[in-house]
Amino acid sequence: MSGSALSGIVRLPLLVILTGLTALAMYLPAIHAAVLRDHQVARPFFYGGTVFLLLAVMVGIAVSNRRNRSSAGRDLAALLGAYLWLPLVMAVPFDQAVPDTSYFNAWWEMLSSFTTTGATLYDRPGRLPPSLHLWRALAGWLGGFFVLLSVAAILAPLGLGGAEVTTARNVHSSAGSARGGIMRGADLSTRLPHFAGIIFPAYVALTLLLWVILLGLGGQGLVSLILAMSTLSTSGITMVGGLARDGGGIVAETVIFAFLMLSVTRRSLPGPTLTGRSRPVWQDPEIRLALFLLLLVPGLLVMRHWIGALSYEGEENLATAARAFWGAVFTTLSFLTTTGFESADWQAAQAWSGLRTPGLILVGLAMMGGGIATATGGLKLLRIYALARHGERELGRLVYPSSVEGGGRAQRQLRQDGAYMAWIFFMLNALAYGGFLLAFALAGLDFDRALIMTISMVTTTGPLSQMGAEQAIPLLELSAPVKLIAAAAMVLGRMEVLALIALLAPGTWRR
């Protein structure tokens with residue numbers, strides 16, 4: 001493809017480009033199904049990919065002479081439009097390939113996958129053919145890449161997506177500071193290919209590396225590929241049975257654990273998109289906070305019944321304690337990154353701790369979330385760290401009112417303006433949680449299910465709906481209004497409430 005043709009493509013509206021790329025992605029499950037001689041699945045994906053590709057080409061030709069001026073409002077509107085439009089496109093071949101489903105359920109499934117939520121309506125074994133599981137995982141994988149790209153090319157230049165904590169010199173100039181440090185004055189058609197060229201090769205390489213490692217550990221081809229894509233995108237999508245059935249044992253879990261660690265820090269995003277790379281890795285606040293939680297939560301679970309466990313045979317109990325500790329460590333990181341994988345030893349951790357509802361711990365971890373500028377959901381570790389350091393500073397001032405702040409300029413900014421912006425984000429999220437909780441309750445859910453559904457959807461941690469309460473929530477049996485509310489929560493959680501405020505009320509955000 002010539003440079004002029006590529007330049008013309010990137011200047012098209014974002015939704016046209018994304019529609020064309022989604023259409024091209026449909027050929028992968030079509031080829032996979034054709035190899036398996038599952039023509040009932042191959043045909044809808046091949047025809048769907050062809051039709052939507054032609055549609056994108058025709059619309060692209062029609063608007064090619066129109067000059068699109070990039071602005072904050074247009075960029076955020078395109079981002080919101082992607083989450084509203086692309087799942088509708090993805091659901092068309094899915095609906096045609098599953099004869100006994102509805103387009104509404106197919107759309108909900110694709111929205112859950114594309115927002116990397118990973119909640120599924122089709123959890124019965126054998127309900128979907130392998131190629132449709134591949135499509136679910138591919139939608140989540142593309143959604144994870146889209147999150148990384150949108151943070152770098154759209155949100156961070158506007159001082160959003162976590163950049164408001166690290167780049168603002170004061171609350172009134174956060175967007176300008178971030179924009180000045182990241183391709184000042186560049187149009188979206190320039191930023192998108194620039195950051196895509198940086199992020200996508202690394203994203204693909206890490207996915208292929210994890211896939212090859214899992215294959216080397218004895219995993220099946222498709223199962224390992226889905227696990228690799230779900231790990232890098234934090235979607236938590238697996239073949240029916242979950243990681244405990246598909247994962248391949250503790251060695252495979254250890255490898256997945258290492259790749260999940262990439263989602264606890266913004267350092268995993270290639271390119272100088274956000275500040276904070278100059279300090280050593282061991283001084284990264286997100287990594288340090290994540291390691292603290294990885295020691296605290298499993299340690300409390302194991303120590304809770306340690307004395308009682310030693311009343312049994314020593315060697316057996318030490319081995320059981322080790323299994324329980326590992327199961328707790330892996331599951332803690334999985335839900336902290338809002339992925340939602342369950343370790344094969346999580347049941348051992350539950351039995352060892354003696355807690356009747358350990359799922360509440362997972363709820364808290366999912367609310368915290370992973371690193372900023374990653375594919376994770378939740379509140380994000382850096383915002384929590386900023387508030388913690390601000391609280392520490394305020395307590396210190398009670399003891400030494402005349403003390404002078406230390407830690408350098410970056411730390412002072414994080415404790416002051418960064419904590420201020422983090423507090424605003426926390427309060428807006430609390431209002432969002434309350435609003436969705438009320439909406440779910442009005443739609444007919446009891447309080448426990450409404451609470452779990454709210455946190456699961458807003459944090460984009462779909463498996464939490466199955467593990468957060470004593471009884472799993474049967475998503476397929478939920479009413480249409482409940483599913484619509486859940487869909488709105490997924491979109492809000494994926495875009496973040498500050499981005500929606502900047503879109504709907506830009507004057508309020510600038511103030």
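Every residue, even glycine, has its Cβ placed from backbone N, Cα and C.
Annotated features, as they stand in TrEMBL:
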type	residues	note
TRANSMEM	12-33	transmembrane segment
TRANSMEM	45-64	transmembrane segment
TRANSMEM	76-94	transmembrane segment
TRANSMEM	134-156	transmembrane segment
TRANSMEM	195-215	transmembrane segment
TRANSMEM	222-244	transmembrane segment
TRANSMEM	250-269	transmembrane segment
TRANSMEM	289-307	transmembrane segment
TRANSMEM	360-382	transmembrane segment
TRANSMEM	419-443	transmembrane segment
TRANSMEM	484-505	transmembrane segment
Close approaches to the transmembrane segment (250-269) from elsewhere in its chain (Cβ under 8 angstroms; 6 or more beyond its ends):
148, 151-152, 162, 199, 206, 210, 213-214, 217, 219, 227, 231-232, 234, 243, 276-277, 281, 284, 286-287, 290, 326, 329-330, 333-334, 336-337, 339, 341, 343-345, 370-376, 381-382
With a cut-off of 8 Å between Cβ atoms, can you find at least three pairs linking the transmembrane segment (289-307) to the transmembrane segment (360-382)? Only pairs 6 or more residues apart in sequence count.
yes
Near the transmembrane segment (76-94), which same-chain residues lie under 8 Å Cβ to Cβ, leaving out any that are not at least 6 residues past its ends?
13-15, 18-19, 22-23, 26, 29, 44-45, 47-49, 52, 103, 106-107, 109-111, 113-115, 132, 135, 139, 146, 150, 154-155, 158, 188, 491, 494-495, 499-500, 502-503
Other same-chain positions with a Cβ less than 8 Å from the transmembrane segment (134-156) and lying at least 6 residues past its termini are 18, 21-22, 25-26, 28-29, 32, 45, 75-76, 78-79, 82, 90, 93-94, 109-110, 113-116, 118, 120, 128, 162-163, 167, 178, 182, 188, 191-192, 194-196, 198-200, 203, 207, 222, 225-226, 229-230, 232-235, 237, 269, 271, 273-274, 372-375, 494, 496, 499
Highest-contact recorded stretch vs the transmembrane segment (360-382), from 12-33, 195-215, 222-244, CB pairs under 8 Å
222-244
